[in-house]
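Visitor: Shown below is the structure under consideration.
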């Protein structure tokens, strides 16, 4: 799927959110952390990721277009908090007490680990498989492993080997 173009007004709103939250953190922590790079190339069902060593935030352009305000209010500070925690505390648990503190006490944003966005537009195709008790949906990756003979999968309920439906 081709990466959609993000309108300049949305990019500006995202950048404004990033800069406002970074300024708040720099003020409260009495530091001058560098502004991270924003990249709109995150794929799959992740809303965003923080690349610690690169000081980079990657955002999912499809989910951003579908959930603009939530990205500005929640996703941007969420990923920024990961970068700030890494720079301030070093290597710690990704959503541990330091991250929660950074989100709530420094950035003033509720600390939620996962988003609740509708994912139909970014979800991968699945392939129907069957056992003796039900139908299963395998991802493209798992289906291809079966086709190449690299893997087999069993039902967690009945233990039967999953077989592709015709």
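Quick reminder: no glycine exception, Cβ is built from N, Cα and C everywhere.
When I checked Swiss-Prot for this same protein, it listed these features:
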- 19-164: domain 'SprT-like' (DOMAIN)
- 78, 82: Zn(2+) binding site (BINDING)
- 79: active site (ACT_SITE)
Visitor: Under 8 Å between C-beta atoms and at least six apart in sequence, can you list the same-chain neighbours of residue 78 (Zn(2+) binding site), or say none if there are none?
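Guide: The list for residue 78 (Zn(2+) binding site) reads 47, 48, 103, 109, 112, given in order along the sequence.
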Visitor: Can you name the residues of this chain that are 6 or more positions from the residue listed as 'active site' yet have a C-beta less than 8 Å from its C-beta?
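Guide: The list for the residue listed as 'active site' reads 48, 49, 50, 57, 58, 59, given in order along the sequence.
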Visitor: Report, as a single number, how many Cβ atoms besides its own are within 10 Å of the Cβ of residue 82 (Zn(2+) binding site).
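Guide: 21, counting other Cβ atoms within 10 Å of residue 82 (Zn(2+) binding site).
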Visitor: Within the domain 'SprT-like' (19-164) only, compute the mean pLDDT.
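Guide: Averaged over the domain 'SprT-like' (19-164), the predicted model reaches a pLDDT of 92.
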